[in-house]
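Colleague: Below: one structure in structure tokens.
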């Protein structure tokens, strides 16, 4: 889960962009050269105006070009920026898809408007809808996707600098990323705190899970105020670590991989401009994404002939990661990792279920024994 607005539609902008006029059949070579020079001038002007000029690193603006760059040895610090799109194949809905998105299916909670469920002021007055939703989408009910494990594989290869995530589903952690590997920009269910500024007592994920699944509204054991998972609601600040890590990580980034996000939510979306002017940026998403620059020009507009570092691979995140892993010679390793880790998760779930059944059976037998003893007496 993450707060990911509907992806921006860039096609209409692209279709409306003026194309260079065709040269007539009797145009001179000088005229054609002049036209090319004018296009080069415009490209350079756009690049300088948008602050994206820099050294060309990729030999080709394709997934193959990105793979060759990773294999070259020059790419040592990869940053991943991810959103809700990397978790949809796990069964977790994104936010704004018209029919399947989370906001489209919140009518049962009688909200004044869908976003209210994640607004801190509304939560403090009406916490019930949020905790009802949390029960449906609670971490532990879903398994990481191919995309999550691809990021883990980058870590295992010594290439992952950091993963910046908008998601609160903790699937990056389940896949094997540690706290030091992750910046959970919009917070996490991993920990919880009392909402009272005078208290701020901390509670574990296990404590919160017991409360949520027992239909209790979590209350602080010290001051009786509400306890909220450490996810960032509208009206709250992003974690301090987001800003301190951003300043250190992005200037060192060799490759930025953006997956499953429409790049509309700020300040997360602005991270794409934090890498150096020559750093390649790969988008793996169902559609082109990206907001606009301060000059009101979509940065992802500079694709193909207008760009020297931006690559868009339009597909699901899982398919895109499998395709890149294949080009890198990692596909079999990735598929084996997914199979092995999913089997571990399934085995653990069965073990927990068996333990719960045994406990329930034990309680039932104890109850029967006590009943029989009472009758005998």
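For all residues, glycine too, the Cβ spot is worked out from N, Cα and C.
Please treat TrEMBL annotations as automatic predictions, because they have not gone through curation.
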Colleague: Quick check on the annotations: TrEMBL lists region 'Disordered' for one of 304-340, 341-377. Which range is it?
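Modeller: Going through 304-340, 341-377 one by one, TrEMBL gives region 'Disordered' for 341-377.
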Colleague: Run through the compositional bias 'Basic and acidic residues' (341-353) and tell me, per DSSP, how many residues are helix, strand and coil.
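Modeller: Per-class counts: 13 helix, 0 strand, 0 coil.
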Colleague: Summarise the model confidence on the domain 'Deacetylase sirtuin-type' (56-331) as a single mean pLDDT, whole number.
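Modeller: Residues in the domain 'Deacetylase sirtuin-type' (56-331) carry a mean pLDDT of 86 in this prediction.
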Colleague: If you measure from the Cα of residue 261 (NAD(+) binding site), which of the recorded positions 186, 194, 199, 220, 223 is the nearest?
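Modeller: Among 186, 194, 199, 220, 223, 186.
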Colleague: Of the recorded positions listed here (186, 194, 223), which is spatially closest to residue 167 (NAD(+) binding site) when Cα positions are compared?
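Modeller: Closest recorded candidate to residue 167 (NAD(+) binding site) by Cα: 186.
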Colleague: Hey, for the Zn(2+) site built from 194, 199, 220, 223, who else sits with CB inside 8 A of the CB center?
Modeller: 195, 196, 198, 200, 201, 221, 222, 224, 225, 227
Colleague: Of all the binding-site residues given, 194, 220, 223, 286, which has the fewest Cβ neighbours within 10 Å once its own Cβ is left out?
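Modeller: Counting other Cβ atoms within 10 Å of each of the binding-site residues 194, 220, 223, 286 gives the minimum at 223.
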Colleague: Given the binding-site residues 194, 199, 220, find the one whose Cα is closest in space to the Cα of residue 186 (active site, proton acceptor).
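Modeller: That would be 194, the closest of 194, 199, 220 to residue 186 (active site, proton acceptor).
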